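Copied over from TrEMBL, here are the features:
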- 1-95: domain 'THAP-type' (DOMAIN)
- 102-141: region 'Disordered' (REGION)
């Protein structure tokens, strides 16, 4: 029998509810307190069998694949995980069957410095190519 979700009013993995992936409560005390605060379930102490389903996490907080860089070939190898995993520090923020005030608006994750630099470089390169193509076209005419 699959594990049920511990969030109030959630029917994840119940007989008449949706079949979902579940994640155990974190062992890190700080993160565990954040999880308990976010689900707002009074007098609840999670056990080793307590779980929370993937419905309560933003999609970018759930990893479905794993990737590694191969130094010999210079390629990134990606494969699907047998079970989804949460990114480190993930906190549930979606409570669909609860009042709206319990689900704070989602915040987009920030880009890392490397991602920002790469996107800036790509946009500048695209602009330079376009300018060069325009100049070449004018010169041919």
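Glycine is treated like the rest: Cβ placed from N, Cα and C.
Automated prediction, rather than curation, is the source of TrEMBL annotations.
From a predicted model like this one, the values you see are computed outputs, not experimental measurements.
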Integer average pLDDT (0 to 100) for the domain 'THAP-type' (1-95): 87
Residue numbers, six or more beyond the limits of the region 'Disordered' (102-141), whose CB comes under 8 Å of its CB atoms: 40, 58, 60, 93-96
Counts by DSSP class (helix H/G/I, strand E/B, coil) across the domain 'THAP-type' (1-95): 17 helix, 28 strand, 50 coil
Structural state census, the region 'Disordered' (102-141) (DSSP three-state): 29 helix, 0 strand, 11 coil
